[in-house]
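Here TrEMBL flags Gly101, Ala102, Phe134, Asp219, Glu220, Ile221, Gln222, Thr277 as pyridoxal 5'-phosphate binding site. Annotated N(2)-acetyl-L-ornithine binding site per TrEMBL: Arg137, Thr276, in sequence order. Among the features that TrEMBL reports, N6-(pyridoxal phosphate)lysine is placed at Lys248.
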Amino acid sequence: MSTASASSVLLPTYARAPIALERGEGAWAITADGTRYLDFGAGIAVNALGHAHPHLVEALTQQAQRIWHTSNLYTMPDGEKLARRLCEATFAERVFFTNSGAEANECAIKMARKYHAAKGHPERYRIVTFEGAFHGRTLATIAAGGQQKYIDGFGPKVDGFDQVPFDDEAALKAAIGPETAALMIEPIQGEGGLRSVPMRFLKRLRELCDEHGLMLIFDEIQTGVGRTGKFFAYEHYGVAPDIMSIAKGIGGGFPMGACLATEEAASGMTLGTHGTTFGGNPLAMAVGNAVLDVILAPGFLDHVQKTALRLRQSLAQLKDQHPQVIEEIRGEGLMLGLKLKTPNTDFVAQARAAGLLVVAAGDNVVRLLPPLIIGESEVAEGVARLDKAAGAVEAELARPAAE
Ligand SMILES: *Cc1c(COP(=O)(O)O)cnc(C)c1O
């Protein structure tokens, strides 16, 4: 154990790797002693444009010299602008800015409940979620996620969430009742292990919501802002939600999130019904606008799709080369996963030893979430380092047999 962790006064809720990243350049993150890591984690899908992107640095430093914070008591021109751009590029007509993903989901949950209450049905407050989901760490979002390990010990579970298996229409239909307000789902589960919702099931969710008058909530906190090769993952499915939470990539590393909705879905959120001190802060809005300048520029998402295809093809070869280690390649765009036969945490450590940062996920998956700006050479370098990591894992497997 490093002296840093032995003497740390931070809550020990994270098993932190013993490296400290001091600066970054594009897809590279660098420690104080100059060790360079190729960053295929991007701060868990946050640094969408890599580290120290000149356009983002410029936007943030310019704004830092003007004004940092005003509160939501005043008009926010950059917030108005960012909200309008998000609406123009999506299904949405209304936006509420937050500081994090969990807060965006809290807004989504409150909005879905309030929608029905404002229509005279306060009894419709329950939300159906799906096994393996992750929606954040607030009291309501751990209840929504339904993972016992995050719920245990924190008092009574927040009421109003019913969880059903991932792709089980009969169970879903049985869970929908007169108290149901909404269905809430990640189009591709991130923390849960890169599980994609089958296209027909997602379309079915939309139909069921329309039949029963339910809000359809997509949690695109991880899948959004270009990560899957489209601006939002729902575009792959030809199905739009009523409410959508976003965060992670939209700030490019600056903490921010948002809840997007149709005018109808947002109709209960009237004056005074919700609020935030920091959400929509001018620094965040400046960076969010700068992120969109890049992501929505003509050709950018085409580049992401091309890069993703190249990476995916290389990973398929890698799987063939390491059948003892890699079971399956999952995901979409630059949100890819290696489902492993060997422990994913060992693989993450071996990748780090080979100079590559990747992120573990549920279901024994290793997540590859490189910045969307990576090029051909970084794809090749990343795959070479994954090959090295898989080789090291195989050598470990071979050891007991040789003894
Ligand atoms: C990261 C994540 C969250 C939580 O976001 P925070 O910013 O950590 O609160 C919620 N949902 C999904 C799908 C996520 O990936």
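Including glycine, each Cβ sits where the backbone N, Cα and C put it.
Positions of TrEMBL features highlighted on the structure.
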residue	record	DSSP (3 states)
Gly101	pyridoxal 5'-phosphate binding site	helix
Phe134	pyridoxal 5'-phosphate binding site	coil
Asp219	pyridoxal 5'-phosphate binding site	strand
Lys248	N6-(pyridoxal phosphate)lysine	helix
Thr276	N(2)-acetyl-L-ornithine binding site	coil
Do any of the binding-site residues Ile221, Gln222, Thr276 touch ligand 1, in the sense that the CB is under 6 Å from one of its atoms?
Ile221, Gln222
Counting other CB atoms within 10 A of each CB, which of the binding-site residues Gln222, Thr276, Thr277 comes out lowest?
Thr277
Please state how far apart, in Å and to a whole number, the two most distant Cα atoms are among Gly101, Ala102, Phe134, Asp219, Glu220, Ile221, Gln222, Thr277, the recorded pyridoxal 5'-phosphate-binding residues.
25
So if I draw a 10 Å sphere around the Cβ of Asp219 (pyridoxal 5'-phosphate binding site), how many other Cβ atoms end up inside it?
31
Spatial neighbours of Lys248 (N6-(pyridoxal phosphate)lysine) that are distant in sequence (at least 6 apart) but have CB under 8 A:
Ile44, Ala45, Val46, Ala48, Gly101, Ile221, Gln222, Gly224, Val225, Arg227, Gly257
State the Cα to Cα distance, in Å, between Arg137 (N(2)-acetyl-L-ornithine binding site) and Asp219 (pyridoxal 5'-phosphate binding site), rounded to an integer.
14
Fewest other Cβ within 10 angstroms of its own Cβ, chosen from the binding-site residues Ala102, Ile221:
Ala102
Cα distance (Å, whole number) from Thr276 (N(2)-acetyl-L-ornithine binding site) to Phe134 (pyridoxal 5'-phosphate binding site):
23
Neighbour count (Cβ, 10 Å) for Arg137 (N(2)-acetyl-L-ornithine binding site):
14
